[in-house]
Each structure stands twice: as C-alpha cells, then as structure tokens.
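Features as listed in TrEMBL:
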- 19-56: region 'Disordered' (REGION)
- 39-49: compositional bias 'Basic and acidic residues' (COMPBIAS)
- 70-80: compositional bias 'Basic and acidic residues' (COMPBIAS)
- 70-246: region 'Disordered' (REGION)
- 89-102: compositional bias 'Basic residues' (COMPBIAS)
- 103-118: compositional bias 'Low complexity' (COMPBIAS)
- 127-139: compositional bias 'Basic residues' (COMPBIAS)
- 164-175: compositional bias 'Basic and acidic residues' (COMPBIAS)
- 210-220: compositional bias 'Basic and acidic residues' (COMPBIAS)
- 221-238: compositional bias 'Basic residues' (COMPBIAS)
Amino acid sequence: MGKRDNRVAYMNPIAMARSRGPVQSSGPTIQDYLNRPRPTWEEVKEQLEKKKKGSKALAEFEEKMNENWKKELEKHREKLLSGSESSSKKRQRKKKEKKKSGRYSSSSSSSDSSSSSSDSEDEDKKQGKRKKKKKNRSHKSSESSMSETESDSKDSLKKKKKSKDASEKEKDIKGLSKKRKMYPEEKPLSSESLSESDYTEEVRAKRKKSSEDREKTTEKTKKKKKHKKHSKKKKKKAASSNPDSP
C-alpha cells in the first residue's frame with residue numbers, strides 16, 4: 001500500500017492579483033481628495049473680516065439693550081434725587097418748627113426762670129456733694145483692695161518659704177536614714193545637732209572607711225588565690241616524683 005500524496009501546489013499571490021485585474025474601489029481615492037475644490041486667498045480674507053465684524057442682528061440687539069439700560073439708570077437717578085430733596089425739605093421744616101417752639105417756650109419760661117434758678121442751684125450743690133462722697137468711697141475701696149492684695153501676696157510668699165523649708169528638712173532626714181541603713185553599727189545622729197561642715201566631714205570619713213574595707217577584702221581574696229595555686233603546684237610535683245621512685 002502506498003502513501004497518499006498530500007502535496008499542494010504553491011500559488012504566487014502577486015501573480016494571482018495581477019491576473020484578477022484592477023480592483024474597483026467603492027469610496028473616494030487619494031486623487032479625489034487632492035483635487036477637491038478649495039477657496040482662494042481673497043475669499044478666506046472676506047470670511048475672516050465678516051467674523052470680526054459679527055452679525056448685524058447681534059449688534060442691533062446689543063444697541064437696544066444699552067438704550068434700555070440707560071433709561072433705567074436715568075429713572076433710578078431721578079428717584080434718588082427726588083428722595084434726597086424731599087428728606088432735606090423735611091429736615092428744614094423740622095428745624096423751623098423747633099425754632100418756633102423754642103421761642104414760645106423761652107417767653108413762657110422767662111417768668112418761671114427766676115423761681116426755678118434757686119431750686120437749680122440747690123440741686124447742683126446736692127449733686128456735687130453726692131459726687132464727692134462717691135469719689136471718697138471709691139478711693140477707700142481701691143485702697144482697701146490694694147492692701148488686701150498686698151497682704152495676700154505676703155501670705156503666699158510666707159507659705160512658699162515654709163513649704164521649701166519643710167521639703168529641705170524631709171530630704172535631710174531621708175539622707176540620714178539611708179546612711180543609717182548603710183552603717184547600722186554607728187550611733188544615729190540628730191539632724192538638728194549636726195551642722196553642714198560636720199555633716200560633710202562625717203560623710204567623707206565614712207567613705208574612707210568603706211574604701212579601706214573594700215581594699216582589705218580584695219587583698220584577702222588575692223592571697224587565698226595565690227595559696228591555692230601554690231598548693232596545686234606542690235601536689236603536681238609530688239605526683240610526678242612518686243612513679244619514678246620504684
């Protein structure tokens with residue numbers, strides 16, 4: 001049985017396209033786009049000038065709006081001017097009425113002025129006395145408040161000093177109690193009997209004693225270590241000499 005021949009003939013695509021002939025294009029070609037109708041430079045200039053000028057209808061609408069706005073402004077001004085004139089006229093009328101009423105009242109009060117002048121003088125004197133009393137009271141109250149503030153400040157300073165002294169005493173007592181715990185063999189000393197110089201001398205003496213005790217303990221430990229090393233060496237020598245003897 002032989003094998004089937006599955007070979008396929010090769011077809012050149014370029015040759016196939018040439019054999020088919022020119023393709024009919026459905027849309028416009030590049031040549032059509034390049035050959036399109038174009039406006040001249042003069043026509044372009046005319047279009048730009050028209051755009052700058054704008055439409056006639058818009059210009060007319062703007063003119064009408066400006067005219068209406070001007071009319072409204074004139075009306076508003078007339079109203080304001082009429083209102084200001086009316087207010088000024090009202091003020092003048094009020095002034096004239098006040099002057100007339102003042103003249104009538106002056107003629108009527110001239111008869112009563114002689115009787116009321118004495119009463120007014122008495123009232124003025126009474127008011128002056130009242131004002132003097134009020135001033136004296138205010139001055140006394142201010143002085144009393146100042147003295148109270150000064151006394152309060154002095155009391156606060158005294159309290160602060162007392163609190164500081166108490167805190168310092170407590171610190172000294174705490175320091176002495178700590179020292180007593182460190183050195184219980186020594187006798188306790190009262191903080192009141194000790195002065196500052198005695199206190200510093202005692203602290204220095206205690207520090208010296210503690211340093212001497214530490215040095216003694218370190219020397220003892222060193223001596224013990226040396227003694228142990230020497231005894232070990234002797235034992236090693238004795239052990240090495242024993243097997244050689246027989």
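Heads up, the Cβ atoms here are built off N, Cα and C, so glycines get one too.
Across the compositional bias 'Basic and acidic residues' (39-49), DSSP assigns 9 helix, 0 strand, 2 coil. With DSSP states grouped into helix (H, G, I), strand (E, B) and coil, the compositional bias 'Basic and acidic residues' (164-175) comes out at 12 helix, 0 strand, 0 coil. Helix first, then strand, then coil: DSSP counts for the compositional bias 'Basic and acidic residues' (210-220) stand at 11 helix, 0 strand, 0 coil.
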